[in-house]
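Trainee: Below are the features I grabbed from TrEMBL:
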DOMAIN    7-139  domain 'Casparian strip membrane protein'
TRANSMEM  44-66  transmembrane segment
TRANSMEM  78-108  transmembrane segment
TRANSMEM  128-152  transmembrane segment
Amino acid sequence: MKLVVGSPGTIGGLLLRTGQCLFSSAAIAVMVSASGFSNYTAFCYLIASMGLQALWSLGLGCLDCYALRMKRDLNNPVLVSLFVVGDWVTATLSLAAACSSVGVTVLFVNDLEFCRLYPQLPCYKYEISIIFAFITWLLIAMSSLVMFCLLASV
């Protein structure tokens, strides 16, 4: 297997996982701080998806730290296969959650104008959380593409 930027057990891989974990946690924190988010299924789905993403990224980030500290190679075909499946599943869930949440937010802001009619509705927090979710998805998409390239090079 060839070494690709962002491979497991490298500094690039650790930075990708750290970014995924931080942005997904930020998405959760901002959404949870918005009052009334639990009334909307798409926002609850975003919280669940970002929670899964944070756990997945934290676990693989810890594995990257271990590999860097012990100078271990994580480019094992079985491990990379597991990483590919996990990354693709979490990427799909993250994109679906972010898209459904943005759909609800666009409905509130533009179509129904709830945000103008009900100023107590924290639409700006919804928007910030969704931005963090899309950044998380961008990072996981990069990571899953790297893993797929590594798997193909076996």
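Cβ atoms are placed via backbone N, Cα and C, with glycine included.
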Trainee: By a Cβ-Cβ criterion of under 8 Å, what residues six or more beyond either terminus of the transmembrane segment (44-66) are in contact with it?
Mentor: 8-10, 13-14, 17-18, 20-21, 24-25, 27-28, 31-32, 37-38, 72, 74, 83, 86, 90, 93-94, 96-98, 100-101, 129-130, 133, 136, 140
Trainee: What are the DSSP helix/strand/coil residue counts across the domain 'Casparian strip membrane protein' (7-139)?
Mentor: 112 helix, 0 strand, 21 coil
